[in-house]
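Taken verbatim from Swiss-Prot:
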BINDING   CYS37, CYS38, CYS102, CYS132  [4Fe-4S] cluster binding site
Amino acid sequence: MGIEGVLEKGFVTTSADKLINWARTGSLWPMTFGLACCAVEMMHAGASRYDLDRFGVVFRPSPRQSDVMIVAGTLVNKMAPALRKVYDQMAEPRWVISMGSCANGGGYYHYSYAVVRGCDRIVPVDIYVPGCPPTAEALLYGILQLQNKIRRTNTIAR
């Protein structure tokens, strides 16, 4: 967490930024936005073998209850407004993980007229997880990278 000092009688000193970011990294609640086969790997990551609950990651069904959106799969033009609407309904601070080649840049369907060539054209993306489909380990690594990114951010304006 970044303990700055330990005082007598069991007191610990740290900054408010470090304390808030430590709490945020321990309770990431992702909104699952599974669009294709990558969603199966996302479910695999939440199952007993990898158990994302031990990292404080609890999948939520509502955007108002979540602070992370995992976009997994091919984003088509008809689904893009719905993706943006769900993103806008999430509370601040919010983060987006783009999972798979299709979500990152269109993937196999890149040249199709109906496919958005990357969900970063619709919502700002914080972490890209490559693969077709990416493994559960890759998603887990992406979540750990997001936790590292959150730890480095400043919460309180100076």
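The backbone N, Cα and C atoms fix where each Cβ goes, glycine too.
Residues ALA36, ALA72, GLY73, THR74, MET99, GLY100, SER101, ALA103, GLY107, GLY131, PRO133, PRO134 surround the recorded [4Fe-4S] cluster site, their Cβ atoms falling within 8 Å of the Cβ centroid of CYS37, CYS38, CYS102, CYS132, which are themselves excluded.
Neighbour density for CYS37 ([4Fe-4S] cluster binding site): within 10 A of its CB lie 14 other CB atoms from the protein chains shown.
Secondary structure at CYS37 ([4Fe-4S] cluster binding site), taken from DSSP and collapsed to helix, strand or coil, is coil. Less than 8 angstroms from the CB of CYS38 ([4Fe-4S] cluster binding site) sit ALA72, GLY73, MET99, GLY100, CYS102, ALA103, PRO133, PRO134, each of them six or more residues away in the same chain. Annotation: CYS102 carries the greatest number of neighbouring Cβ atoms among the binding-site residues CYS102, CYS132 [cut-off 10 Å, Cβ to Cβ]. Secondary structure at CYS132 ([4Fe-4S] cluster binding site), taken from DSSP and collapsed to helix, strand or coil, is coil.
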